[in-house]
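What TrEMBL says about this one:
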DOMAIN    1-264  domain 'Major facilitator superfamily (MFS) profile'
TRANSMEM  24-50  transmembrane segment
TRANSMEM  88-106  transmembrane segment
TRANSMEM  118-139  transmembrane segment
TRANSMEM  151-167  transmembrane segment
TRANSMEM  173-191  transmembrane segment
TRANSMEM  212-228  transmembrane segment
TRANSMEM  240-259  transmembrane segment
Amino acid sequence: QLGIALGFLVPPVLVPNVEDVEKLAYHISIMFFMTAGTATALFILVVIVFKEKPPYPPSRAQAMIQSRPTEEYSYVQSILRLLRNTNFLLLMVTYGLNTGCFYGLSTLNHYPGEEVNAGRIGLTIILSGMVGALISGIWLDRTKTYKQTTLIVYIMSLVGMIVYTFTLSLGHLWVVFVTAGILGFFMAGYLPLGFEFAAELTYPESEGTSSGLLNVSSQIFGIAFTIGQGQIMDCFGTKAGNLLLCSFLFLGTFMTAFIKADLRRQQANL
């Protein structure tokens, strides 16, 4: 999330809106070299610092998973079992819808004549989402209300998207920042909720496998929404494109209500 936030803030500053193609290419190349250098430094840190697993299992559920012989695990069979899990399939689709809307909104974030402020609006969405993710994580840890929290955050994402859509054209920049912050608090804050809920629904399957499938779903929907919303915005304007996202968020909210709170990981920890 912090990297995405920097992605909203830095590019508008490094790449100004100029007509000269050579100057534009020069500024873009500088941005790409900085990105490559940052990615290389992070790769070195991951190789040196990251460990395969902690010395002791963090919970009883993880201890039970680690006690299984490695040769018994099959990645293909794990995926097939997940795809037969109705609750997880519903979550995978609803997660893809919410995150795809977030990706589409982030990619096509546009405020006419305010390129730098458009980046700052995106930054506001991400930073407020980081706060939302932190608060929702603390709430889940204390209450274990995965289904209820996920549904409420999904509903508020829909409400935030509707408010953002109809205030974007008012011409008041401060209103856009406020509504963007509210939208980001819930929409970006939903992302870690999906991973935690998936871990509960799919235990004792690998969390890496379930998280990977959620990411696949979000990328597929993100590409589809970005292309579709872009076409609609070109033909009918920004409001029509955002209304498309509102309709899919409504669908995701409706589907989330049908996910059963089968908290298998919590049951294993009892």
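Positions of Cβ are set from backbone N, Cα and C atoms, glycine also.
Most Cβ pairs under 8 Å to the transmembrane segment (151-167), among the stretches 24-50, 88-106, 118-139, 173-191, belong to 173-191. Sequence-distant neighbours of the transmembrane segment (212-228) (same chain, 6+ residues past either end, Cβ-Cβ under 8 Å): 79, 82, 88, 91-93, 95-97, 99-104, 107-108, 194-195, 198, 244-245, 248. Between the transmembrane segment (240-259) and the transmembrane segment (88-106) there are 3 or more Cβ pairs closer than 8 Å, counting only residues 6 or more apart in sequence, so the two stretches are in contact.
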